[in-house]
């Protein structure tokens, strides 16, 4: 049949359970009632194209009429049990329940049409047309009653005859009908034969027997081929009945799922993280439940819950099969024969079971049937008291379920049986029924078997012992069956002593097996017997001998099934034989009983359909013979379902989910795959899965082993899912998803690890590891530490196995190291073998974690081999830590004694030995590794020591020697290169090798060797080189100057562009190249992006040539280069976008200055938003919220974040999730917002969130946080006596930022967390003030080493960067030998002034480096850049011979590299000009008095620095040498005025008078322009903002020079001061101070308020009067308004211009406004003014950064109270000057608080401005 039958099955299944539980209508029992519909449907299905024939319809009516006969049973075969009359329920009773119901009319109409159909007054087609809607509504009502949760409110019209198909029935008569059934004792008795004699009934075609009960359903499942014209009839039925049925079905499934979730959750529970973040791991079922509660869609089909296989009996049906237990005879002694035992009397057996006692069970029915033939005609009433339970204890079930209570409730008197005596049942039938109990769990089985054995031994031998398969023997009755059969079979002596005979008869089989239970192992499963088996059967026999090979861990122990063992995969003896045709045909001739066993599974037709379909579903069904299920299925099912109340009460917690699971699985089995489409199947699968979770056995019965992969796939897809942030402020969904993922990982990782161990899914492992790497460190730590040790170790092993496929990204390496370290903590002992096994993960470990391995680690050759294999991925600090372990004397002795084998094995670690140790290597040791050193990645000091032993300058073939040195040639001096192989060929092998050194950073582009290379290139000419050859010179490109570039063609320049991306092009070169390479028209986005390395060359001309539409889309490629732009270039970009609508010309003719109308809305590119001044940041709250996903990620400045926070008007009750959704915008949070957070927990969560922002926490907010925290902890201020427990939960970043006064209160563990963080990120330490750094270092030392004890080597290594901030006393506790071995580490640390001074003194002590007069080159190599810690006098004492050109260049280069590094830049060491001058004095000055000063060449300048030479020496340089070193002169900030004039004189010789300087030349001269006079400055062409900004960026002009620059620009441009716009004000830079105060007053306040962002970042050399005028511009209407109205963000925006605010306005500033001042603004306030405007309470409100910025000149003007206030702020309240006692200190604090109240009225004067 082409059309789907699934809607019909749903209809039938909805009727079946509903009728069973609600309406067995007397004579029209379930059998008869359903036979009507089933036969009718089967008739429709089998109908041919023509109309139904008269004969077929007559047969159908005969079947129907026989089904509706009241109170009559057909005569059964001779010997069958008599029919038993079920209780009657008349049709009248049913009609009574319909009175008053809205369904009265449609139900009567349905009944009438049914009668008309039966009377042939109506055709089936007409019947469907008239009653389709009523039938569909009836099905929906019955299904709604079946599914828990109640039907939804009807929204469709009521059903009527000929009405619409989409309708509903009220079904208000169902409850009344239920009550009626209960009142009429509706439980049916058992009937053992069909209502119609199958031998007399006629089929629809006149030949086949008529179906009974569900044979109509069998016809549906095996339909005829073609329907022909009746197909339309089926289609109509499907459309009318199926659609509403499926809709109701889906609604019911939804209700089931939702109601089950809470119920299953209450049963199973769910692991949740506790307060400490730890979570006790759940199991697989809890993981699946968690997923369904968190909207994960499990693939139920892949898990096995939609497999379509019949379900095994659940615990509920196991309970149904128990019934009332029977008393059993005591077991005889083992040696007594069964035939000698006393037989159990049937009369005695029936004495205790006079009638079936409800609720019924299979065993009760069987005993009842056995006793019927010996009873009198009128049986006595059954007893009214329950039978006691059996005295013999029952074997407990093997499931993990609780054992049900078998105590029966008081019985209810049933209907008496018929009074007419019936013939006794056939003994064969009765004893065939005993086969049920050979495999039954029912307690009555033992008594039944004994009785059948004693009364009918022949039938017992034939039915049980001869036909029951070996594998079916199971359960508690197995021992009794063995004993009973052993007594009936021939003596065991008939068992042959040798091999098992063929054929194997049942007698021989039972005799042999019962004689010895190990028959299979001892006789069949031996080598000789196996060889005797035919070859085609050997595999099967071997499988039987071995038994099923199941993984016990996959399926927890549950009950056994009818096959005697667990058969989840069909691997049992019986199923394997029946399913294998070859095996079946080979065994049946010898074992005849197999044919009976395999009838059902092999499709035999000698059993009823219902038994074949439902047999596996119900407990203890018989494998042979006719069963009650076939003879009378309706009463049988009613009898079982009548026991539901008792069995539900016995297991109340599992009754509902287990019952639903069974019904749902039965429904799935009957419907078949694909029912209702994918949506319905998914809902059904989820309901099935959910209902199986509480029952361990139901779950594992269905769960497939391959379902583990599906679980991993679903979890992996969920972890990879990125939840979109919903519109609006509430982003709780996406954040909730992140929290759910965290909960999943925290609570179910052990389950996932176990699944991964079994499935080996690399994709799932990679996904899981990625999720771990994204977890916060503290959450990851809690996860790993709360897992079982074995589970964590197994997961680490799994990672190691799949390491090659995990593909960790560079950004994830730190997190991977953290994860690896946590997993290592689960190992009780770290061994060398473990190190070798996990060697791929070693590069990710932090040094402390690496040092947890035993010290003897490196003594293992395999460990050294593992280090060699993975050294390329290891960090330098890791290699340094391991290299230091090589120096342990107990391992390998002293360095000069190390053998060659050790040196080769430890080669990757040798470059990381301390230099003082590496210098101990002898020339013989070095030469032994001659071929290995070039790849060893040596540092400069180590490389020079190796070169001294390897380079032989007397050899003739110097080029070969240099090539053999490889990378070591990078460290050769120019003199050595000149003696070995003079450089001459731009493309020669030596030259190319040196260029590679420059490319990887080993060779400095500013060094002397690089200068030699440049000379080769210049001498040969760049025009002769091809573009490819020219590209290799890109590392030296900045040193080529301008002239060389002008000689190159455009093709050569374009070819070099890709190579310039990693090079630092000078601004002058960028201007030149950008102008040459930028297309004059039709510029595309791709062309602009290709020029992005040249973006610092942006000029007015090039910017004008770039179309605005191209700039709009260029953020992706230009964004990373914006940080290299000057302030003026940024202003020009902003002005380009701002000028788009409403432009007005404010300038003179020909000099049109485009000025945007104030307040004009502008759309900015995303990358420019963080660069906008506040005046241009016109974003309203709606725009912010609409684009929150973008704005939350932008790196807003402090003042921008504060400004936008005010714009958003964030409510005070905003949740943490919504705050997190703001991202970097939350950095603008105000102190008032923090103070209004009531809960301490919420407060700490918000603080943690702020400290996780990449933009950091501004100083004012930080001060607010700690003040508020102390207040909340109810601690006395300013001194805390105790520390609350909340601080132990603070993040490590907060602990690092802890105020000084709280450091002493922290625990040792907290301090160590800070130390570890500082080691990993020293930049965060350098962001602290010097006082804070020293306090932290001293507190860490106090934790590591007791006071006044020497500091050990381990303590120094643990302190890391904190060593540089120790005080004098602590520094002197370092033993000098340990200090000597630690010098290489100190060279990479920032050193505080105190420590550096003390270190310089310690270096001169004898155990360290000794007196400087005795230093050699080795001592200088060891000291490195630490030589600058010496005094200038000590440096001058170093012998000139030790400071040769090569040594001096390397020493200065190392220090320059340090200064240019990120740590060096943040360190900001003091000026070292005098020390550098003392260091190079031996080269710069003549060797003896009276000798002429040397004239430097460019090589000498590169070997030292320009400022080391005097003006006379500079002026005497050769012009070519000066041109080659021009970039060095222009970039040296140490040149004095005389040296600048001398250098500028050389530049004028080179390029002519200043009036001819081109823009790129002016830019290249840089600071040298200060050497020009006022008249020469006026000759410069200063028309556009590009040239003007070149001068505006230079600091150091005199006042006359400033005036000359500004006046020249105004004159040449023809502009008036009032017409200066945003761009030109920014371009003026420092030179803005060249305008007189009266000129400054004419500047547009609107334009200046925008330029204030850039001008305020400069330390302007303006006078106090000029600063006041600039500040006045900002309070005008075009600016920011009155100072009193300014928020902290405006003070931060204007920077140093705030120093010009009048005294009265400054003195009226409030705490928040004062904290908005930048530290630079604090430092530039004139000292007298600073002392006047700020009182002590205002000074005490300074942040720590502001207080540290107070200059000594300002402190000198302060009063004692003011200085104490500054000290208070610097030390954050910890230290009060000693002359102020404790009481005075508190008095000062109280006075501070009171002074604020006095200061508030003063603020009103700010309105005067």
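Cβ coordinates come from backbone N, Cα and C, glycine included.
Swiss-Prot lists region 'Disordered' for one of the ranges 376-426, 427-477, 478-528, namely 376-426. On the backbone, the CA of residue 1213 (N-linked glycosylation site) and the CA of residue 1308 (N-linked glycosylation site) stand 37 Å apart.
Distances between the Cα of residue 1308 (N-linked glycosylation site) and those of the glycosylation sites 696, 860, 952, 1000 are shortest for 860. Sequence-distant neighbours of residue 952 (N-linked glycosylation site): residues of the same chain at least 6 apart with a C-beta under 8 Å from its C-beta are 961.
Taking each Cβ in turn and tallying the other Cβ atoms within 10 Å, the top scorer among the glycosylation sites 696, 860, 1000, 1213, 1308 is 696.
Residue 1000 (N-linked glycosylation site) sits 34 Å from residue 860 (N-linked glycosylation site), taking the Cα positions as reference. Taking the C-alpha positions, the distance from residue 860 (N-linked glycosylation site) to residue 696 (N-linked glycosylation site) comes to 50 Å. For the recorded site, residue 860 (N-linked glycosylation site), the DSSP three-state label reads coil.
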